[in-house]
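> The structure that follows is given in the form of structure tokens.
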Amino acid sequence: MGKKQKNKSEDSTKDDTDLGALAAEIEGAGAAKEQEPQKSKGKKKKEKKKQDFDENDILRELEELSLEAQGIRADRDAAAVKPTENNEEESASKQDKKKKGQKGKKTSFDENDSEELEDKDSKSKKTARPNSEAPLSGSEDADDSNKLSKKGKKAQKSTKKRDGSEEDEDNSKRSKERSRVNSSGESGGESDEFLQSRKGQKKNQKNKSVPTVDSGNEDDDSSFKIKTVAQKKAEKKEREKKKRDEEKAKLRKMKEKEELEKGKKEQSKQREPQKRPEEEVLTLRGTPDTGAASEEKGDTAAALEDDNEGDKKKKDKKKKKTEKDEKEKEKKKGPSKSTVKAIQEALAKLKEEEERQKREEEERIKRLEELEAKRKEEERLEQEKRERKKQKEKERKERLKKEGKLLTKSQREARARAEVTLRHLQAQGVEVPSKDSLPKKRPVYEDKKKKKTPQQLESKEVSETLEISAPVEAVDQGGPEKEETPPSVEPEEEEDTEDAGLDDWEAMASDEEREKEGNMIHIEVEENPEEEEEEEEEEEEEESEDEEEEGDSEGSDGDEEDCKLSDEKDSGKAGDTKPSKDASSDSEYDSDDDRTKEERAYDKAKRRIEKRRLEHGKNVNTEKLRAPIICVLGHVDTGKTKILDKLRHTHVQDGEAGGITQQIGATNVPLEAINEQTKMIKNFDRENVRIPGMLIIDTPGHESFSNLRNRGSSLCDIAILVVDIMHGLEPQTIESINILKSKKCPFIVALNKIDRLYDWKKSPDSDVAVTLKKQKKNTKDEFEERAKAIIVEFAQQGLNAALFYENKDPRTFVSLVPTSAHTGDGMGSLIYLLVELTQTMLSKRLAHCEELRAQVMEVKALPGMGTTIDVILINGRLKEGDTIIVPGVEGPIVTQIRGLLLPPPMKELRVKNQYEKHKEVEAAQGVKILGKDLEKTLAGLPLLVAYKDDEIPVLKDELIHELKQTLNAIKLEEKGVYVQASTLGSLEALLEFLKTSEVPYAGINIGPVHKKDVMKASVMLEHDPQYAVILAFDVRIERDAQEMADSLGVRIFSAEIIYHLFDAFTKYRQDYKKQKQEEFKHIAVFPCKMKILPQYIFNSRDPIVIGVTVEAGQVKQGTPMCVPSKNFVDIGIVTSIEINHKQVDVAKKGQEVCVKIEPIPGESPKMFGRHFEATDILVSKISRQSIDALKDWFRDEMQKSDWQLIVELKKVFEII
């Protein structure tokens, strides 16, 4: 039986594999047969099959159903092992079903026909089997199938591919079933036939629309369907349900896997200890699936045992199976509560671990920071310790130098020369005291230390140099014995001293010093109370010597203090500082000697200057006052210079170019002139006038000269603000008020031009208050009205103002003095008020002080004198031959005063006068200083005097600090004009104008224009010809310089009035610009974008005349146009633009204009409609050259939107 079954199974497998080939043959054979004979033959076959039907077939069918149930379970196991394969097969089978269903719908056959078709197909497949029961039916089936192949050709084609895959699947199932059936007994012998029939039935179930019967033996179809169809449907529903559940479970698993992968990625960044809880989570999540698999295996085993019990048991199994499936679904739905809890606990542990590690990391970083801070503190303390040690060593060396115990190389050479001289003297027979005749040293050495060597008791020479060098020799030789250090230290100490200067040594060479030095030997060597007494004696000797050396009281005071300070330090540290030190420390401080010497000299000079200033500040004499410095400020043409002319009885204003003040001037007004001018003031006490006179400074009022106004106001004690009564406060008046506010300078207001009041009657010989009372009513009313208006304007500026004769509180109210520079009214009252206010309110400020305070006002080049500086001497005195430090363009300038020139009394400093030469000048004066190297002096900064050479570096540093701000103002450009002026003040004003006009300047100079200036300016011809210009303000132009400028092509503009120079240069720039615009007008292309109006096409070709809308930019005549959308075709040049039949030169954005575009010469004319359409945008054809020309010469005609369009077109034309 077993062999027969095996043979049968082998045959069945062979038949299954040959089905595809057999179907193809059947299709080919039966292509030409008709449908009706097929139906009739099919009925005959069915009748034969019914006859052969027997009871054994029913039993086999039941067994097959039970095996099928087992096969489903096996399928489920296989699906658990390989879920992906089943998914693919199921999806493929579903697609096949859909395709089959669609094809079935298309065909015109009904269900009965399709059923017959399937039956015959299945029978044809059975023909190949060597089944003993139905050999005839197999051959008949083959014949029938040949007949039916034509009819079922399409259906077979659609199912062909699906059959192949299903056969593979069924083969695997049959092999499993065979193994089970062999063990089940006799009923298993006929399982092969049942399996073959079940294969057909499964295909029918998958094809819902075409149910087929595929039994091996001839069965009765009707009786067979009644038994199995309901069961098949139920099983099919269960299978579909299970498949859905399995798909859901797979989706859940996929999601869980993704979540786990994300978690793994996040946790892999952390340390290895953190990975263990994650593994636990993974194992916990893996448990439900394994349990489910084991249960399934148990189910299949149970099912095999119960298969043979029959139909009743089968139903019970189905119920059990459905309950188990539900349980499995519940398990597959997700992890249980315990699993979730375990996962949460694992995650909590993981989080705690992270927090713990974070805390540990923070603590570690904190510890490291504390250790670092501790280390830095130790380093700082160590550094301080080293610095203290170094400072002590410096002080010791400094003291030794002061005492003359350290010898430099030059000093040793001098010592050798002195020895040679001594031998010569002895050879000539001069008596020289022997070493025995000299007094012995103190016995202190013998008490404390070893006995002296003979070298320490060498004789002292007679000459001064020998007297000086002997004690130092004793120190150098005696030092090593006392310190008990190796002899190698001695040469190193000598090396330290090599860099010390000879001057310090020679400065101390005097008789008293020799005695002192003899005693000073013991300072460094001994450490006892006697040493301090000796030091005190030596300090007194040093003080007396310094006084003799300095020769003047100021220097001696400073040196006494220095000596006391330094020696007090020395005596205080004498016990602490010990001479013992190793060779390394010597070499360490060896290089510091030069620096410390310079620093020492610098600090000494600084202390001396500070002490001198402090003493001068204390010795202020309030009884003796200096002349107050009065500054005159105001708007243009208010009468500032005219007021001064009236005071001085001069005509400076008439001699000025254009009547404009362009320089700062200073006038000395002596006491006699004050008394003369104030004789009409009755209550003026002329006997008690304490000021020796007045120094009045006149400043320019024009806008350009704000720097000079600022400079003049910065050094004045009191100011006169001149206001035109007819015009009130004007721009420069308000600027002057703000300057005075910022400087906190007191001022009085001169209400000038009262003679302009209607019916004013002048009375210069009387007080202005009396003169006002004498005027007519209408004149007084007008004056009061205008005065009140000006008081209101002052109130708007935050100042209280009142007429001087009504002012009860001059500290809170500004005094207004009505004046007339033309008639002289009010001049006496003005001077009286100035004298009164300065004597009473400014007595402390005007107190006589020896401390020098001076300020450079102007730098001028005078013929026959060279470059001179006008200086306002505020305090102190200046002497001829003094070393002065003045600020310069390239740094402070150190020079000597060669001459002090003063203008005659009541004469203007800036006007060329017969200057008086003085040896000494006292404050306050306007003085002209002659000296060397004053060409690059900067005005507006202080002048300092150095009484000693070592003070020069200190004073230089003071000036450098103040220089920085002024130097930042004058910055030269690489390309620009050359500027030349008579004074620095007017040069600054000219540069300020150029800066506001955005004109660069490449060179500046003060003085006449020479050939060298033309040479410098001619350099610009190579860079930019428009800047090859010299602006000469109020200076003479040499003839040879003018000739050279003409030959080279350099323009020289010269004017005495700054505004005329401005106008001339501005006109030149405009002309030059027009010339260049004319030159570049064909190159410069203005950007534009035009849209064609299709209803206004007047001419389409040669020339093109069309109406357009300017969308952006501006269209000008001569603009070349192109069409970017048509491969940048050039259509021509705009030659004419019309608006409302009127021709215009330019059309701007938003305008609708008619343009005539003529073709480019030498090119074929372009045509509207062929080369471009109405939809195309026309743009101007720009290039890099045209853009540069616009930037350089047509910038004023371009707007911001035009530049934006250029940027847009650059991208279109790809211009870099």
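Placement of Cβ uses the backbone N, Cα and C atoms for every residue, glycine included.
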> If I go by Swiss-Prot, the feature region 'G4' sits on one of 752-755, 1068-1071, 1196-1199. Which?
752-755
> Which of the listed residues, S158, S175, S184, has Swiss-Prot annotated as phosphoserine?
S184
> Need the matching range: Swiss-Prot marks region 'G3' on one of 698-701, 710-713, 1010-1013, and I'd like to know which.
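Here Swiss-Prot associates region 'G3' with the stretch 698-701.
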> To what whole number does the mean pLDDT across the region 'G2' (659-663) round?
50
> Minimum Cβ neighbour count within 10 Å among the binding-site residues V636, A821: which residue?
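Per-residue Cβ counts within 10 Å for the binding-site residues V636, A821 bottom out at V636.
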> For N752 (GTP binding site), which of the three DSSP-derived states applies: helix, strand, or coil?
strand
> Taking the Cβ of T638 (GTP binding site) as centre, how many other Cβ atoms lie within 10 Å?
26
> Work out the three-state DSSP category of T638 (GTP binding site).
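It is coil.
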> Among all the protein chains here, how many other CB atoms are within 10 A of the CB of N752 (GTP binding site)?
27
